[in-house]
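Worksheet: the structure to be examined is printed underneath.
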């Protein structure tokens, strides 16, 4: 009989329906309810992208496809997938409890975010391991980052190339690629967090692979707090690159995210497009990885490598 291994897939989570927005936002704010204005602002953003984010559906599809693929590519162990979310049910702790109840003793934990940071990956894996320690007899092996995974980089190289191949030579010369991820509070840099460096590296790999000479790194979706967040913000960067270099086509690759969701569909497709429209430039954004075969293959390699290194 094959050994059963837990596959703990973790993600941020998103409201399932409009009525969930307040409790979701309250959880993000560590139990403090948002003001009516803040709640209205977030609700309006969801309405602007069609009422609710497709993220919940995509995350589940990614996790299920990954489990299926892992069980197809090898025959030594049987992977059982558990989904754990940071800010809405099924919570990370609930997924760990379920694993424990199912008699799983070893699990690989994968966060659906390619870059490591103390704010994201470390906190997800930390929550899972803490719960596993409480329950006993369950070891969770966390994956720190997978931004260098060749098939992940290749996904974005192909996606970016696809956009540039549709341009004329003249347009290509005046085009710039903006590679971005979710901003985090600036204080993480002083703490030696590798997050910004990993995004810069990702941008270099993608630009090199796609043979794009003009590119820049930007940050997006910063939180509404008094602390300074990492910049430049993608909207400011767009204006600056247009003013400084006269770029007239902007290609946005939000590589810190893995799916179409609010931060991409609103912060990129709406807010960045407002800026490109304002300056008379063209807006492009490649399709997100979502549950594409190429992306699932890259995650499969990540999990298999981790399993081989720890078991």
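Backbone N, Cα and C define each Cβ position, glycine as well.
Copied from Swiss-Prot, the annotated features are:
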BINDING   12, 29, 45, 46, 53, 124  Fe-coproporphyrin III binding site
BINDING   182, 263  Fe(2+) binding site
Alpha-carbon distance [residue 182 (Fe(2+) binding site); residue 46 (Fe-coproporphyrin III binding site)] in Å: 18
Residue 263 (Fe(2+) binding site) CB neighbourhood, other CB atoms within 10 A: 21
Fewest other Cβ within 10 angstroms of its own Cβ, chosen from the binding-site residues 46, 124: 46
Integer Cα-Cα distance in angstrom, residue 12 (Fe-coproporphyrin III binding site) to residue 182 (Fe(2+) binding site): 12
Assigned conformation of residue 124 (Fe-coproporphyrin III binding site) - DSSP reduced to three states: helix
Chain-internal residues near residue 45 (Fe-coproporphyrin III binding site), provided their CB is under 8 angstroms and they sit 6+ positions away: 262, 266
Of 29, 53, 124, i.e. the binding-site residues, those within 10 Å of residue 182 (Fe(2+) binding site) when Cα atoms are compared: none
Residue among binding-site residues 12, 29, 182 with least C-beta crowding, 10 angstrom cut-off: 29
Other C-beta atoms that fall within 10 angstroms of the C-beta of residue 53 (Fe-coproporphyrin III binding site): 23
